[in-house]
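The block underneath contains the structure these notes are about, expressed in structure tokens.
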Amino acid sequence: MAEITPAVRQRKAKEVASSEDEDNLFAGTPSEKLRPQAQTEAETTPEPKKKKKSRREVNAEKDGISVWLDVLRVLSFLVVASCGLSYVMSSGESWTWGYKNKPRIMRPEYWKLLWNGPIELTPEELLAYDGTDPEKPIYLAINHTIFDVSSNPRIYGPGGSYNVFAGHDASRGFVTGCFLADRTPDMRGVEEMFLPLDDPETDRHWSYDEMQAKRERERVDALAKVDEALRHWTDFFADSDKYMRVGRVVRPEGWLEAIPRRELCEAAKKGRQRRLLPHEEAEAKERKRLRKEEKKRKKGEAKNKGAAGRP
């Protein structure tokens, strides 16, 4: 077998390359000529080494994760605190603020009132809020102040025991107890229910001048009792978490003089009694003092009992 010389081997390599160029349609083009050179450079170029992260970069990544964990902790605390506060404020009724009688600050009407301001209604306009229209709130007024009592439709809505007050300023009725007859803000003459009846047998214990002075004091006291009773009901609605003060009733100037003066209703008349004799009056004052002390004592005992029960 003949030995293949280096010259022959070089010639054969050229023939193979020439044959490949004949089969290659792009042979001879500039891109084709540059291909072997690019392949050689790619083969000889070393792969870049991964850059090691610095301690600052590692700490920055850890800080980012820590921030999100802190946010998650805060949100979890707020959820738990909200559930606990709901349970306390609802007296154990709900963990999720789903109880019926929500505090006024949690009702949309409260924020709407703050935004829009107090309303003003005439007596005729107030009548439209008596509970017959389910799309409207239930309003009542006392001493010209309008309160929203929609949260208690069982009492003030249609068929309720105090529905007669809805849509009216029934200040007089709240004091006299004559709900239907005294649905009016006219308080003239109401003080008579607190005045004693004249009785000749009793009144002879005082001289004429003494009786005149006594009657004047009795009328002053009676007017004060009317004012106290009216203020009691106004404060009752104003201080309640169930009801909201939403505005006032507006009336034309001189409206009171334009309507006839009312007589005291029968129920209020029946509550009047004769004037007390001097010794009876002293005994009544003593009983009142004892009741006041007893009430104060019970209040103190309840307060001490509550303090003792706390850890």
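Using N, Cα and C of the backbone, Cβ positions are placed for all residues, glycine too.
Remember, TrEMBL labels are computer predictions, not curated facts.
Feature annotations, courtesy of TrEMBL:
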REGION    1-57  region 'Disordered'
COMPBIAS  36-45  compositional bias 'Low complexity'
DOMAIN    121-203  domain 'Cytochrome b5 heme-binding'
REGION    269-311  region 'Disordered'
COMPBIAS  277-286  compositional bias 'Basic and acidic residues'
COMPBIAS  287-300  compositional bias 'Basic residues'
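Away from its own ends, the compositional bias 'Basic residues' (287-300) comes close to no residue of its chain (no Cβ-Cβ distance under 8 Å at least six residues beyond either end).
Note on the domain 'Cytochrome b5 heme-binding' (121-203): mean pLDDT across this stretch is 94.
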